[in-house]
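Please read the structure below before turning to the comments.
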Amino acid sequence: MTARVAAVELRRSAAPWIGALAAALGWALAGDPERWDGLWMAAVLVHHGNLTLLWPVALAAGAWQGRRDRAAGMTELLRSTPRPAARRAAPLAAVVAACLAAGYGLGLLDGLARAVLHASYRPPGWYWPVLTGALGLAASGLLGLGLGRLLPSRLTAPLLAAGALAVLVAPQLAWPDSGARALLLIPGHLGGTDEYSTVDGRTVAGQALWFAALAAAGAALLAAGRRRLVAPLAVLLGAAAALPVLPPADRAAPRDPHAAELVCAEGTPRVCVTRLYEPLLPRLTGPARRALRVLARLPDPPTAVVQETARYGTPVAQRRDTVHLSLTVYADGTIATGSGSIEDDILEGAGTWKCGAADADTATWTRIDAARVAAGRWLRGAGTAPQELWVQDRDLVDRALATLRALPADAQLARVARLRDAALDCRPDLHEVLTGSA
């Protein structure tokens with residue numbers, strides 16, 4: 001009997017459309033042309049983070065569906081039937097929750113399919129954040145359904161959406177770097193993440209407890225009379241149970257050591273990338289080895305190219321025998337190479353990591369970049385700056401190259417070697433070192 005009623009609710013209610021809306025929004029929000037499609041866990045985490053926006057939508061949709069009986073003028077008629085309110089609402093609640101959970105999963109399907117096609121690294125346990133997110137969205141729909149029954153006004157749904165969005169977003173903006181566990185009660189919040197992040201098991205367990213409590217609160221609101229008083233108690237008990245389980249917010253998504261493991265190409269010179277980017281290794285090996293052969297003319301040259309996982313522009317512990325390569329890959333698998341090729345990127349700065357100034361110090365960065373490009377162009381035998389650079393940057397590169405070319409051949413090599421030494425120390429005066437004005 002209950003299954004037949006649920007099937008009727010599936011046909012006559014807006015639940016399938018609510019699920020379709022969740023799937024469409026999830027798919028639209030998850031797309032990023034600057035993120036490689038092969039990043040399996042990154043797709044999961046981005047989709048999970050979008051709960052912050054999907055949750056208010058599901059809450060409002062549930063509230064709008066919850067006022068259906070009032071809108072149809074059937075409230076008094078249904079109250080006169082012998083069936084309890086909770087049993088009458090159960091089929092609709094189950095259908096709404098199932099459609100929202102399915103919509104959440106479908107919104108991620110495209111991203112996971114792309115990752116499968118790239119045969120990229122699939123971390124174990126990737127599905128736990130997905131299941132937690134589906135539970136969270138279903139809980140939002142149930143809570144909205146209960147609030148819609150309790151407050152069957154046309155204003156309930158839009159006010160809930162606006163209020164929920166403000167409540168969810170404001171703490172993240174006010175305390176972006178806080179490690180408070182309470183922040184993890186916000187749907188979608190996992191603290192800072194990158195492509196190497198995974199989700200701590202305690203985060204999954206704590207958020208699942210919290211979402212289950214919110215779902216229970218929504219179910220209690222669907223009941224009549226004093227049973228609705230259980231709803232706030234369920235919320236309080238859920239928070240009390242979840243908070244001791246949750247880790248600090250800044251440790252909710254730790255780095256996956258297996259994703260950051262190095263995988264190296266066969267043969268020499270040594271060229272390595274992280275396991276996460278292993279499918280790109282064949283395309284990187286040839287250009288990297290050609291660049292190493294060019295760098296071999298310098299004193300004490302590097303003999304390996306290794307992908308660096310630190311953020312580009314931040315200091316790293318550079319090794320003289322290794323080129324630390326920052327790898328950026330677009331959605332279609334194109335390796336970002338700035339104004340040149342992969343080989344040109346490796347040769348910039350004579351095979352060194354880009355560092356030396358604060359993020360906001362654009363003037364210093366301009367001179368650092370110009371010196372790095374000039375060193376790479378000299379190693380390639382080019383006489384001018386790339387045309388893709390801004391005019392101001394091209395002028396700095398051209399002046400550095402002209403000054404360098406005016407020296408005897410041995411002095412030119414020594415000057416580029418000094419720039420390499422300065423870049424290995426992350427000094428900000430690379431342009432002055434290259435032009436001899438340091």
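Each residue, glycine too, has its Cβ placed from N, Cα and C.
Keep in mind that TrEMBL annotations are predicted by a computer and have not been checked by a curator.
If you look up TrEMBL, you'll see 40-64 (among others) marked as transmembrane segment. Counting same-chain residues at least six beyond the ends of the transmembrane segment (40-64), those with a Cβ under 8 angstroms from any Cβ of the stretch are 14, 18, 21-22, 25-26, 29-30, 32, 96, 100, 104, 107-108, 111-112, 114-115, 120-123, 126, 129-130, 132-133, 136-137, 140-148, 151, 156-158, 160-162, 164-165, 168-169, 172, 186-190, 193-195, 197-199, 218, 253, 256, 259.
Taken from TrEMBL, the feature transmembrane segment covers 85-106 (among others).
The transmembrane segment annotation in TrEMBL covers 126-148 (among others).
Among the features that TrEMBL reports, transmembrane segment is placed at 155-175 (among others).
The transmembrane segment annotation in TrEMBL covers 204-222 (among others).
Feature annotation from TrEMBL assigns transmembrane segment to 229-246 (among others).
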Any contact between the transmembrane segment (204-222) and the transmembrane segment (155-175), i.e. 3 or more CB pairs below 8 Å with pairs at least 6 residues apart?
no
Positions on the same chain near the transmembrane segment (155-175), where near means CB under 8 A and six or more residues out
52-53, 55-57, 59-61, 63-64, 67, 144, 147-148, 183, 186-189
Distal contacts, the transmembrane segment (229-246) - CB-CB under 8 A, six or more residues away
146, 181-182, 184-185, 202-203, 205-207, 209-210, 212-214, 216-218, 220-221, 223, 252
